[in-house]
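S.K.: The transmembrane segment annotation in Swiss-Prot covers 26-46, 51-71, 99-119, 135-155, 173-193, 223-243, 278-298, 311-331, 361-381, 407-427, and the record cites sequence analysis as its basis.
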Amino acid sequence: MSVVAVTIFVAAYVLIASDRVNKTMVALTGAAAVVVLPVITSHDIFYSHDTGIDWDVIFLLVGMMIIVGVLRQTGVFEYTAIWAAKRARGSPLRIMILLVLVSALASALLDNVTTVLLIAPVTLLVCDRLNINTTSFLMAEVFASNIGGAATLVGDPPNIIVASRAGLTFNDFMLHLTPLVVIVLIALIAVLPRLFGSITVEADRIADVMALDEGEAIRDRGLLVKCGAVLVLVFAAFVAHPVLHIQPSLVALLGAGMLIAVSGLTRSEYLSSVEWDTLLFFAGLFIMVGALVKTGVVNDLARAATQLTGGNIVATAFLILGVSAPISGIIDNIPYVATMTPLVAELVAVMGGQPSTDTPWWALALGADFGGNLTAIGASANVVMLGIARRAGAPISFWEFTRKGAVVTAVSIALAAIYLWLRYFVLLH
């Protein structure tokens, strides 16, 4: 059955990468194939934590999409877009850097999917006002979100999985990974001009933006206050996850329910931002990856890679980092990390007498988080961003994303390798 699972996954992946077939249709067809053959059962799909649909991701997306849909009715995105454009004096590069910094910071405190859902509408409005292409801005922001999410325990789902298995705390992530994330973020900003080239804006467009009054963009101040109060509660619950142990998906759904109750909006108004295609694509992708996990393909690949190290902790850390990045770029990093954590735990236990035994855990988290930038389906935030871009009339192809993402991933992993080497194997001794 492993051959069948691999064949279906590779065929689906090739079709998705070709950009010639609707990716949601491909994902659902591939999912149907692994069920019919049968490689995976309905119980595996709906109830298994390891091989099933990640309902936490699905419901987090639904909740945050509804919250964004309600928030859009207030005009706050227009306000933020005008404010950002005016503070940057209409310079596309300065606007991009500002939005990149906001995306990275927000992803460290929330999660990168939520960040993309909140920042993307602002980006679309800024680009519309200046009459410039949105694709460069959206890609830069999702790169920053995946990088920023590595900084904290709650920033990226793989970090939560690693922390749970390794017994690491919120403060551990802040102490060990945040310094590297700052370095990688600076490197990302430095390569932005080379990555996306120069973006020109017509002078009259800049003059028009500078003449705008952002205060006039707010259409419903009462609803904005209600949204602000709910968002504060939602964000606080996200940050307090290590203490409250309330799943982010439940928090998002509760927040969405509260806003629906107090907003007075119609069903079509608050559901207008729900990306149904994106949700179905995720479901299909989770099912196909679940088939790879169930048949032992991912486990066999990971075990073969880690056995090459011969028990040396330095080699183990670098191999985990190097293997995690490309694999996380090909399959979603959540099921990959869920599969790898038992193996890393076993390796750490065997090497217990060696110094820096937590380093393989940091290598796994960094490889999975940074590797998410490699391809368009490497991280949940990427898929969400592509869906938003498509609906906005500015679709981003799989290969366009991958060409840029490969550069960002290579720089990030190179800096991560240097950081791990210096901090844990040179300066520590």
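Glycine is no exception: its Cβ is also placed from the backbone N, Cα and C atoms.
Note that this is a predicted model, so its numbers are computed, not measured.
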S.K.: Under 8 Å, at least 3 Cβ pairs, sequence separation 6 or more: does that hold for the transmembrane segment (51-71) versus the transmembrane segment (407-427)?
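M.R.: Since fewer than 3 Cβ pairs under 8 Å link them, the transmembrane segment (51-71) and the transmembrane segment (407-427) do not come into contact.
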S.K.: How about long-range neighbours of the transmembrane segment (311-331): same chain, 6 or more residues beyond its ends, C-beta under 8 Å?
M.R.: 13, 158, 289, 292, 298, 301-302, 305, 337, 340, 344, 347, 350-351, 354-357, 359-360, 362-364, 366-375, 377-379, 405, 409, 413, 416-417, 420-421, 424-425
S.K.: Check for me, if you would, whether the transmembrane segment (26-46) reaches the transmembrane segment (278-298) - at least 3 Cβ pairs under 8 Å, residues 6 or more apart in sequence.
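M.R.: Checked: the transmembrane segment (26-46) vs the transmembrane segment (278-298), in contact.
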S.K.: So, does the transmembrane segment (223-243) come close enough to the transmembrane segment (135-155) to give 3+ Cβ pairs below 8 Å, pairs being at least 6 apart in sequence?
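M.R.: In this chain the transmembrane segment (135-155) contacts the transmembrane segment (223-243) - 3 or more Cβ pairs sit under 8 Å.
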S.K.: Sequence-remote contacts (6 or more beyond its ends) of the transmembrane segment (278-298), Cβ cut-off under 8 Å?
M.R.: 1-2, 4-6, 8-9, 12, 23-24, 26-31, 34-35, 39-40, 44-45, 48, 50-54, 57-58, 61-62, 327, 331-332, 335-336, 338-339, 377, 380, 383-384, 387
S.K.: Can we call the transmembrane segment (407-427) and the transmembrane segment (223-243) in contact, meaning three or more C-beta pairs below 8 angstroms at a sequence separation of 6+?
M.R.: no
S.K.: For the transmembrane segment (361-381), give me same-chain residues lying six or more residues beyond its boundaries with a C-beta closer than 8 angstroms to one of its C-beta atoms, as numbers and ranges.
M.R.: 16-17, 57, 61, 112-113, 115-116, 142-143, 145-147, 149-150, 156-159, 162, 166, 168, 173, 176-177, 180, 184, 282, 285, 316-318, 320-334, 336-337, 340-341, 344, 348, 396, 398, 401-402, 405-406, 408-409, 412-413, 416, 420, 424
